[in-house]
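Enquirer: First the structure, which I've put down as structure tokens, then a few questions once you've had a look.
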Ligand SMILES: C[C@@](CO)(OP(=O)(O)O)[C@H](O)COP(=O)(O)OP(=O)(O)OC[C@H]1O[C@@H](n2ccc(N)nc2=O)[C@H](O)[C@@H]1O
Ligand SMILES: Nc1ncnc2c1ncn2[C@@H]1O[C@H](COP(=O)(O)OP(=O)(O)O)[C@@H](O)[C@H]1O
């Protein structure tokens, strides 16, 4: 299990798509989305110090396989700002997992460089990655367009358990596996939620359209969803983003903590994090 406190511009929280409707496709192949996005209190930690040449060192429990060269979104973000720093990234989130780890790291780099240089982040961060605008905002939002159209959303804090079965799912391949690209959007405006129970009841009527193609590519996602649905107090279980990370929502934080403990005992190879989404 992993647990981190949520503070500072270098904190790169996990992004969770509580819903993810694919409503169309642009001429350039990118898909139009309608998604409720929330952020966890688990995440990576990025630090930066001024340096004449950009560099990156990655360490931490999920560092294996994460590139330290120009392929890393942290260095791509620095290049987009025309700024230089020596970065250290403490990696706690699994990569290629549907929780925007790389995007959240890139957003943290933009925040840190902005504070360091006084420059504003780029006007179109979606050019770096569709999830980067919402990760720059790092608070609950309705996300539309390909990810660049954002409206802040008031969500009650939602106790949750995140689970990744340690298989990587490439985002582009999951979009390519969609049977339909013109699915219905969410209602507009969205309802308001006074408490977790109301929010969960609404979310249960919505979808993640990427779930069927991701489950086809990685059947272990079915096993994760079944295990989450069997947990005491789990009110809703669903996949985030293009997978394979799934989440269960609870009405009470203690139930999420206990559920994560039970699951970690039964599945020692899975990445499991109790959290609160907001
Ligand atoms: C699906 C989502 C939902 O939040 O999350 P993840 O599964 O990545 O966490 C995001 O839209 C992913 O955003 P991000 O991971 O930044 O994607 P990008 O690097 O921009 O694009 C990777 C590939 O995904 C496809 N893509 C991505 C976003 C989008 N709106 N339409 C697409 O078709 C494209 O094939 C693109 O080449
Ligand atoms: N800082 C980073 N952390 C993790 N992966 C990164 C990072 N920068 C670039 N990548 C590359 O981006 C790919 C997608 O990673 P990630 O953003 O974690 O996935 P997802 O978009 O599914 O949430 C990985 O396969 C990895 O090679």
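Quick reminder: no glycine exception, Cβ is built from N, Cα and C everywhere.
The annotation active site is assigned in TrEMBL to 15, 131. The ATP binding site annotation in TrEMBL covers 94, 95, 96, 97, 98, 99, 100, 101, 102, 103, 104. The domain 'GHMP kinase N-terminal' annotation in TrEMBL covers 72-120. Per TrEMBL, domain 'GHMP kinase C-terminal' is recorded for 205-261.
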Enquirer: Identify which of the following recorded positions, namely 100, 102, 131, place a Cβ less than 6 Å away from any atom of ligand 1, and list them by sequence position.
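Expert: If the test is a Cβ under 6 Å from any atom of ligand 1, the answer is 100, 131.
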Enquirer: What three-state secondary structure does DSSP assign to residue 100 (ATP binding site)?
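Expert: In the DSSP reduction, residue 100 (ATP binding site) maps to coil.
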Enquirer: Within 10 Å of the Cβ of residue 98 (ATP binding site), how many other Cβ atoms are there?
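Expert: By my count, 30.
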Enquirer: Which site among 94, 96 has the most other CB atoms no more than 10 Å from its CB, taking these as binding-site residues?
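Expert: In terms of Cβ crowding, the pick is 94.
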Enquirer: Among the binding-site residues listed here, 100, 102, which has the most company in the form of other Cβ atoms within 10 Å of its Cβ?
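Expert: Neighbour-count leader: 100.
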Enquirer: For the recorded ATP site formed by 94, 95, 96, 97, 98, 99, 100, 101, 102, 103, 104, which further same-chain residues have Cβ atoms within 8 Å of the site's Cβ center?
Expert: 14, 15, 93, 241, 245
